[in-house]
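In what follows, a structure is listed as structure tokens, so that the remarks can point back to it.
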């Protein structure tokens, strides 16, 4: 019996539903006999051949293009057969079933044409590409990220990762760590030599440069992770502060009902927008007030869901009504809401209705301009006239830590950020040991090894089976 990752696999590679074209993909070793049975003739490598796809009796299931990519010059690194038919789900299912049937039939040589052919698991074609060194792990993840990209910037960043930009930078850092570790090991292995390998190699300077490059790569990875994951933003505040109007202004569409009646919004409403290519998932919530003030049970449930959304948010836009901020009770309620927010949430105070209270708006704007470093960000705007909306967009990106031009960013995942952070921690520790006497060289070497291993996890040079299963299990079937 073949190992699982050597078994031939087949799947419909195009998305479910109706379309002009659908693709059935087969990957394995030795597909010539299967291809001949399906199309009735030998296929020339890497040349599209048009004709019928045949059932067991020789009748046509459909007509389309067949392509054979012999190993190793294919997506998976194995022999690959692609059948491009009309994109109806029934046709594609019939074609896939015929592939499985024909694989088990006895060929002219007296043996099954492709024994063991089975349906592919999600992501298994890309997993084969990784296992056969066609892609590293970061590139394999970029395939899924390119498919899932929700903005143009995210798609272009994923394409850069798929082309190997991210991996090349990781490899360059790993090579530097290996070279420096070799010098440390040489000093440990040949203590009798009158050569200070580390001093001659400028170990301190190398470590400083490695730390600097790691810091830059970590910052870029954070930008890439933000492009991939997006920013989850909750609009919160008291009833009638203008939350739904702000959602409409940010989205550029009338998504939420706006009335002067308190409690109009009973449940959360969400919309994904783009700000400089960054996906921002904006959630409008029910107005926050005490259970005693809530009009009925439905509103109380809506308020509870608002707090739940806040707990899961990356940032909160806390709305203040400029026409009522001078009222002690209203101001006290705003303060109570702010104090209840999670300590680690990105908070932006949004002072709304500047068009209705221009003098108060000017006073608040002056106060915000004089705020100290570390104070929560604040914006004065009018959701009705859209004045100040651009400033709010900029404040949101700044709060999220976005400062890069999308053209220079590669897509990244949270696990990449964690690995880079771990590597940076180990390099910092190595710098500390390098300042010590020669008795600390073994500890220096260990920190360099740990930093290298952390980076190796990104490209898959060192990966656990559990990690691989989690990554490829998130792909669609047929990819």
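Any Cβ shown, glycine's included, is placed from N, Cα and C.
Summarising the annotation, Swiss-Prot assigns (6S)-5-formyl-5,6,7,8-tetrahydrofolate binding site to 25, 82, 134, 479. DSSP gives residue 82 ((6S)-5-formyl-5,6,7,8-tetrahydrofolate binding site) a strand state. The Cβ neighbour count for residue 82 ((6S)-5-formyl-5,6,7,8-tetrahydrofolate binding site), using a 10 Å radius over every protein chain in view, is 19.
Taken from Swiss-Prot, the feature domain 'TrmE-type G' applies to 230-401.
Remark: residue 382 (GTP binding site) has 352, 353, 354, 355, 356, 388 as non-local neighbours, by Cβ distance under 8 Å and separation of at least 6 in sequence. What Swiss-Prot lists as GTP binding site is 240-245, 259-265, 284-287, 352-355, 382-384.
Annotation note: residue 240 (GTP binding site) sits in a coil segment as assigned by DSSP. Taking all protein chains in view, 22 other C-beta atoms sit within 10 angstroms of the C-beta of residue 240 (GTP binding site). Among the features that Swiss-Prot reports, K(+) binding site is placed at 240, 259, 261, 264, with the record citing sequence analysis.
Here Swiss-Prot flags 244, 265 as Mg(2+) binding site, drawing on sequence analysis. Using a 10 Å radius centred on the Cβ of residue 244 (Mg(2+) binding site) and all shown protein chains, the other Cβ atoms total 23.
The number of other CB atoms found within 10 A of the CB of residue 353 (GTP binding site), across every protein chain shown, is 26.
When Cβ neighbours within 10 Å are tallied across all protein chains shown, the highest count among the binding-site residues 25, 134, 243 belongs to 243. Restricting the average to the domain 'TrmE-type G' (230-401) gives a pLDDT of 86. If you draw a 10 Å sphere around the CB of residue 286 (GTP binding site), it holds 27 other CB atoms from the protein chains shown.
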